Ligand SMILES: Nc1ncnc2c1ncn2[C@@H]1O[C@H](COP(=O)(O)OP(=O)(O)OP(=O)(O)O)[C@@H](O)[C@H]1O
Ligand SMILES: [Mg+2]
């Protein structure tokens, strides 16, 4: 009952603070719009591709594609040097029948452009090859037909003069042989070119992997970041204000339980986080057109748990701050490192001990979970591990908070 | 005379290595108003905080309703008004009253009556729907007092309740405090206004971490051979 009372009061205060409220809901939308514009509009960047032992035809075909320039190198080493000098964005090397592609991948849109250009060029050349093969075989058939006709004429002519019958039979035999050979040859040619049209392509990335830098990959983390950031800051400030204005003391001078205060805050900020997450999810789906494969409700649930962790964190840290300015000082200490370790930057490329730090970052777990839901459609019930870790964070922090309030009232 | 409502025995309190309270002995009986006076920084607010269990005593014992503090359940029977106006700015006066009423455990059915009565005593009925951020200093103080009065608690602990309140309203408040006393409820009040100290049942003079004098105003005046409590105060401080 008291818990509900505290929840109502906190919500009332929150909804009267129009500016903070607007910031909570509008800022994430603006930032995400901005990011999607930045990450998606530069698809017309010019790329240059270095090729090694790639056929003249393919080079020409690729060079013909808009925004793509092709430079041919004699060895892979030369090409690599050019890439290091940032002269080329990707290297295509032919090994026998197969292709090996190396992307600098510092700009994901460039990588995507090269991929597309190469695929198109490859298809175009193999179609050309097929065409020419087809032409050749039709030419052969035409020739054969002509030969056959000539033969028939000859036959008709010679049938009258049976004297030359023997030689005619020999000619017929020779013609049939030739036809068989040409036919075999042309079919051979055709099958050869058709097997050439599906060479194996292997992709290598100098930096990161195929997922690097995509807005879609960042989205789950961003979503979590907004929820975490705002709930952490606003709840921390709210409790700080309760403490400095003395309302906390006054509250604790009533028979209210310490846990009721903490739970009351949790409920109210939980409500806020649910609304915020829904707004963010709807923005991303409708405004930015990002596909959510899994269930949106699951996304909301994960973010709700994250919000509660952020709340508990905010309340805990607010006890170490004596002013709102000191509360702000926790942002570079608590919030920024979370972003680094949350998966926006690929963790594989980090040293092991740095990777270990990421295990204590709540944002990592929510990011992983939401990522799975949005991109792979994973069910929330298969994300037990991430959820469990988040819940452990939540429980530990909540207990610390309830006990921590003892500083202000001894029972 | 029944059992004392507040019973402080040899109470001591240290903040770090600063000893604020050395040896405090103080009782408040049922149906009695006890005034706590003393120079600024003497430790009046500290006595109250230890009594309520918000600070823990370094020595001695603090009992309220014959129970050793701190005790959460007992807080429902105490009306406390802090020295600072602890109010929620963005809520209206009415919302503040209702919220604290709920926290004190006042039943829903009694809430309206309690809130209206408390508001009437401090003359805030007309401004109840205004947000506290738009209140004057005195209005905030009155709202704070109204919150303490909610639920007719058996014990009121008021830390300088009449600061910033005009004489007419102060008289009205003291009349209410008198009615509360006559109902058999008890009040512990701190004040810097010596006229008010004349109105209480017994005055405790806090000085140097000890209760220097503790008796009815008339007795104290006689003891010190002066005409007013103010003179008692000045003489005690001068003598020390
Ligand atoms: N939380 C605290 N930490 C450290 N020192 C404190 C704390 N609270 C009070 N003190 C010290 O205890 C002493 C008494 O403070 P207290 O607030 O009880 O004085 P007071 O008698 O109420 O004064 P006033 O009449 O000005 O309200 C002061 O010296 C103050 O600095
Ligand atoms: Mg004081």
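Using N, Cα and C of the backbone, Cβ positions are placed for all residues, glycine too.
Non-local neighbours of the transmembrane segment (A:21-39) in the same chain are 14-15, 109, 213-215, 218-219, 222-223, 226, 230, 234, 272, 275-276, 279-280, 283-284, 287-288; each lies 6+ residues outside the stretch with a CB under 8 Å from one of its CB atoms. What TrEMBL lists as transmembrane segment is A:21-39 (among others).
Under the heading coiled coil, TrEMBL lists A:127-154.
The domain 'ABC transmembrane type-2' annotation in TrEMBL covers A:165-408.
Here TrEMBL flags A:218-240 (among others) as transmembrane segment.
The list of residues near the transmembrane segment (A:261-289) in space but at least 6 beyond its ends in sequence, with Cβ under 8 angstroms from a Cβ of it, reads 2-11, 14, 24-25, 28-29, 32-33, 36, 215, 219, 223, 226-227, 230-231, 234-235, 238-239, 251-252, 296, 299-300, 303-304, 306-308, 310-312, 315, 398, 401-402, 405. As annotated by TrEMBL, transmembrane segment applies to A:261-289 (among others).
Summarising the annotation, TrEMBL assigns transmembrane segment to A:295-318 (among others).
Taken from TrEMBL, the feature transmembrane segment applies to A:330-347 (among others).
Sequence annotations record features per position, and here TrEMBL assigns transmembrane segment to A:387-405 (among others).
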Distant-in-sequence neighbours of the transmembrane segment (A:295-318), which means Cβ under 8 A and at least six residues beyond its ends: 223-224, 227-229, 231-237, 239-240, 243, 262, 265-266, 269-270, 272-274, 276-278, 281, 285, 327, 330, 334, 362-363, 366, 369-370, 373-374, 379-380, 383, 386-387, 390-391, 393-394, 397-398, 400-401, 404
Positions on the same chain near the transmembrane segment (A:387-405), where near means CB under 8 A and six or more residues out: 252, 258-259, 261-262, 266, 302, 305-306, 308-309, 312-313, 315-316, 319, 362, 365-366, 369, 380
Mean of pLDDT values spanning the coiled coil (A:127-154): 85
